[in-house]
Amino acid sequence: MKTLVLLSALILLAFQVQADPIQNTDEETKTEEQPGKEDQAVSVSFGDPEGSSLQEESLRDLVCYCRTRGCKRRERMNGTCRKGHLIYTLCCR
């Protein structure tokens, strides 16, 4: 199960890297200076739509956040997120 979560986090990271265009340095500094923009929600679903053993209630919706300061109380670090040239911590619960 941990392998599946890690693999899903890496796939999400790959999609995010491909989706985000490379930003100029000026735009990155503006992003860094804006408070409250540090957390981004990501929803992960496991299994196929027909149903499988992986679609248990606890694994159906894994909510992940890209955080700058580390994970919160009930979250675990599952990798990293990248937006432009900035690297964040991927925290899931």
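Positions of Cβ are set from backbone N, Cα and C atoms, glycine also.
Quick caveat, the model's predicted, so the values are computed rather than measured.
As written in Swiss-Prot, here are the features:
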type	residues	note
COMPBIAS	27-40	compositional bias 'Basic and acidic residues'
DISULFID	Cys64-Cys92	disulfide bond
DISULFID	Cys66-Cys81	disulfide bond
DISULFID	Cys71-Cys91	disulfide bond
REGION	24-54	region 'Disordered'
SIGNAL	1-19	signal peptide
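The least crowded of the disulfide-bonded residues Cys64, Cys66, Cys81, Cys92, judged by other CB atoms within 10 A of its own CB, is Cys92. Across the disulfide-bonded residues listed here (Cys71, Cys91), the residue whose Cβ sits among the most other Cβ atoms within 10 Å is Cys91. When the alpha carbons of Cys71 (disulfide bond) and Cys92 (disulfide bond) are compared, the span between them is 8 angstrom. Cys91 (disulfide bond) sits 5 Å from Cys64 (disulfide bond), counting Cα to Cα. Spacing of Cys66 (disulfide bond) relative to Cys92 (disulfide bond) is 9 Å (Cα to Cα, whole number). For the pair Cys92 (disulfide bond) and Cys81 (disulfide bond), the Cα-Cα distance reads 12 Å. Looking at Cys64 (disulfide bond) and Cys81 (disulfide bond), their Cα atoms lie 10 Å from each other.
In the three-state DSSP scheme, Cys71 (disulfide bond) is classed as coil. In the three-state DSSP classification, Cys92 (disulfide bond) falls within a strand.
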